[in-house]
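Here's the structure, in structure tokens; my notes come after.
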Amino acid sequence: MKNVLPPFIEIYRALIATPSISATEASLDQSNASLITLLAGWFSDLGFNVEVQPVPGTRNKFNMLASSGHGAGGLLLAGHTDTVPFDDGRWTRDPFTLTEHDNKLYGLGTADMKGFFAFILDALRAVDVTQLKKPLYILATADEETSMAGARYFSETTALRPDCAIIGEPTSLQPIRAHKGHISNVVRVLGQSGHSSDPARGVNAIELMHDAIGHIMQLRDSLKARYHYEAFTVPYPTLNLGHIHGGDASNRICACCELHMDIRPLPGMTLNDLNGLLNDALAPVSERWPGRLTVAELHPPIPGYECPPDHQLVEVVEKLLGTKTDVVNYCTEAPFMQTLCPTLVLGPGSINQAHQPDEYLETRFIKPTRELITQVVHHFCWH
């Protein structure tokens, strides 16, 4: 059956040629159904049992779980099927045509991260999955680039508890065992409009927001002073004010002001605790101006994540690669997989190419990635 799989480069080419863009804007958002169908067919050809799950709350998005073997434990290899949108004017190549040039494979999703599935399929064509002593699972998720709805849904509904998981995000084959989380909120202040010639007849939302920002800055300083994780290049939780808008004319009292902000918490900091800290920080403004200040989520929050540094997965991967695990500031689906089993983020390609025009993966990653997948499957599913 394995001989019916296309060659590695043709699998890669087909994945890149199948659009699967995730976007919050409905006009740009695409279903990943065609890509899931491709993957499901190939993993079926390798002897896997394949289950395709609709992801609730999405625009026709699906997860795919391919499994082989029986019993407890085993290994989960995971990745997302979607890409970010692309700026056609900044690409010098067709984003949906795999192009090889100067030892690089160009195309949307080559590094982040549809290409990872080509590596898995290519490595497993030499493995008789029916003879595994422990289960092997391949998970392809939806909407990582926007809501992470696929990973959230899978982690909330599955009964699987593998021994460990590897998410093949582009880390330049540097194993990642921890990263910060991400919380994005909108702070809205509702004032009362009026003519600027008589300020007492209105409530200026910009002035109230100025007061609120002062308290938010105090929270930023408090987070920096109270929480520390030395391994990160920025070893404290960050708080950023990213966007503000209010008012519509210089001679009107501003009736509404809106601030977009984010917090990137360290591993171990709970989302509920952070929401509580933000609400506590803004309480003086809310008490002074009842009913005029609200805080809401802009996007579903992502917690920080950490795999125990002494776990067998860390030890095995560090030995195979001859390098120590690291930590990063960006987010992945790892916090959701970590609720099921210890998880590392580890894959070919550079994060510096993710979300960039003319995205590419260097061909030097092909051989070591194929070898790594073969080795981890052998270690966790044959022993």
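Glycine too: its Cβ is placed from the backbone N, Cα and C atoms.
For the recorded site, His80 (Zn(2+) 1 binding site), the DSSP three-state label reads strand. The number of other CB atoms found within 10 A of the CB of His80 (Zn(2+) 1 binding site), across every protein chain shown, is 30. Marked as Zn(2+) 1 binding site by Swiss-Prot on the basis of sequence analysis: His80, Asp112, Glu169.
Among the features that Swiss-Prot reports, active site is placed at Asp82 (among others).
Every protein chain shown contributes to the tally, and the Cβ of Asp112 (Zn(2+) 1 binding site) ends up with 27 other Cβ atoms within 10 Å. Annotation comment: Swiss-Prot describes Asp112, Glu145, His355 as Zn(2+) 2 binding site.
Taken from Swiss-Prot, the feature active site covers Glu144 (among others), and the record attributes it to sequence analysis. Glu144 (active site): 25 other CB atoms within 10 A of its CB, across all protein chains.
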Other than His80, Asp112, Glu169, which residues of the same chain sit close to Zn(2+) 1? List them in sequence order, counting a residue when its Cβ is within 8 Å of the Cβ centroid of the site.
Gly79, Met113, Phe116, Glu144, Glu145, Ile167, Gly168, Pro170, Thr332, Gly347, Ala354
Just counting, how many other CB atoms are there within 10 A of the CB of Glu169 (Zn(2+) 1 binding site)?
28
CB-centroid shell, 8 A cutoff, Zn(2+) 2 site Asp112, Glu145, His355, site residues removed:
Thr83, Val84, Met113, Ala354
For the recorded positions Asp82, Glu145, which one has the sparsest Cβ surroundings, going by other Cβ atoms within 10 Å?
Glu145
